[in-house]
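K.L.:
The structure that follows is given in the form of structure tokens.
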Amino acid sequence: MPERQLHLGYMHWLNGTHWGGWRHPDAPTAQAFELEYATRALRIVEDAKFDFFFLGDTLPGDIVGEQWVTTHNTGRLEPFTLASQLALNSSKIGLVVTAHPTFYEPYILARLTASLDHLSGGRLAWNVVLGASDLAARNFSLPDLGGAHRYERADEFIHVVRRLWDSIEDGAYLQDKRTGRYIDETKVHRLDWQGRHFQVAGTLPLERPPQGHVPLLYAGASELSRELTAKYADVNFTGPATPEDSIAFNTDVRRRAERLRGRVDPIFFLPGITPLVADTRARAVELYEELNELLPFDDDIVEGDQDESYWSGPDWARIKASRFPLPKGVRSVRSLSERVGADLRPLGVDGTVKPDTADRFNDYGRTLLTALAQRTGRTVDNGGVRVRDVLGASIAGNFPLVIGTAEHVADTLIDWFDRGAAEGFNVSVPHLWEPLERFANEVVPILQERGVYRAEYTTDTFRGHFGLDTPPNSFAAPDPEERSA
């Protein structure tokens, strides 16, 4: 077996990542809040020897409105509660919980993660997120998320959490029945942290987590996100469109990490992907287009369902700037036209995009055309691109789709891996269950046959799966950069 191995995570979204996926005839729409729903997915990916089971979490600000954008946000279980149950139903696979520092205190989050790392036998990881809606912040008596200020707060938050994990050293619990000495007080430490955002006395009432520090995951490509990844993350996942984009991103973050950490630490880059596997390439393309037919558009598919003043107002400006798909009310040819920079309304939804029209597309529009060509083979030059296809591509989902046979999907993953564009992938599916089962049962065996992916687990912790060392305890071997304010 080669030393370098590809890593796989599974991102569990109740309705999959395609915004029309939940409407597919084979997609389950009941029992999503029952434990068996999640444990079925867990069994599939642990049997396939995945590195981790990823529980994303975004708190919605408007459940009714978001049903047209990201249906998974309108209904999801609290991740720590679900992960504690999944730990009892698995033995090797890592478990990733998502927690937003803005909505926690460091002491609470440190205790939750340390406890679950103990109960899972060292299989926990924490996915740090900093994005959500300002409306969601109001559920926590906050006026908003704090803008860029939240990154500064998160920096201090993570630092304090790590110190809390270290606050009771390994071997501190003597439990000596002969002497009556229960704990070695020299291995118990108070933080007495006095920072800009937090004042934390310490100490956590439990031994250091089995992994020392619970590994951190982070997603995001902004300037501030790159800095946070470089400073703290063990695993990063984003959605770069090409291997070249991914290589450039990875190189930039690793350079920042060496500067910020003062040493070369491993950071594993696992781009998010959505595979769609079928017996033939043609059938896989059909499946993709069938899913797009399930996307709900506006009643007025050309002009949209908004008042005229809306299109020049701040609400539409925010939607155009957002990375999320268009909500109901602007799933129309008009809204698409404003996004791609060319008026498509005279063509109607089933009209063909001609080269002279495509030449007027902006960068976003050209990105959609490139994605269409890669996914379906439809191009403007061969006359295969309808306005409907472009509109569907703008709504379908966030992560890059890999569409084709199991061999094609495996070849694509290995190409990214061999070129250094990825150490692995965070896999999501357009809907449950068949797409997940096909990836696990057809693509994974090819990766194993090619020698780039494990046939069996060789470790039983998250750090072990990635070959990450246990960090030293900052109290036992203080870092000169540690500070108390």
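A Cβ is built for glycine as well, from the same backbone N, Cα and C atoms used for every other residue.
Nobody curates TrEMBL annotations by hand; they come from automatic prediction.
Straight from TrEMBL, here's the annotation block:
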BINDING   Asp57, Thr98, Tyr151, Ser222  FMN binding site
DOMAIN    22-354  domain 'Luciferase-like'
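On this model, are these features tucked inside or out on the surface, and what's nearby?
P.N.:
Taking the Cβ of Thr98 (FMN binding site) as reference, residues of its chain lying under 8 Å away and at least six apart in sequence are, in sequence order, Leu55, Gly56, Asp57, Pro79, Trp126, Asn127, Val129.
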K.L.:
Mind checking which of Asp57, Tyr151, Ser222 has the fewest other CB atoms within 10 A of its CB? They're the binding-site residues.
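P.N.:
Among the binding-site residues Asp57, Tyr151, Ser222, the lowest count of other Cβ atoms within 10 Å belongs to Ser222.
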K.L.:
Name the secondary structure element type, per DSSP in three states, that contains Thr98 (FMN binding site).
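P.N.:
SS state of Thr98 (FMN binding site) = strand.
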K.L.:
How many angstrom lie between the most widely spaced Cα atoms of the FMN binders Asp57, Thr98, Tyr151, Ser222?
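P.N.:
Of all Cα pairs among the recorded FMN binders, the widest measures 20 Å.
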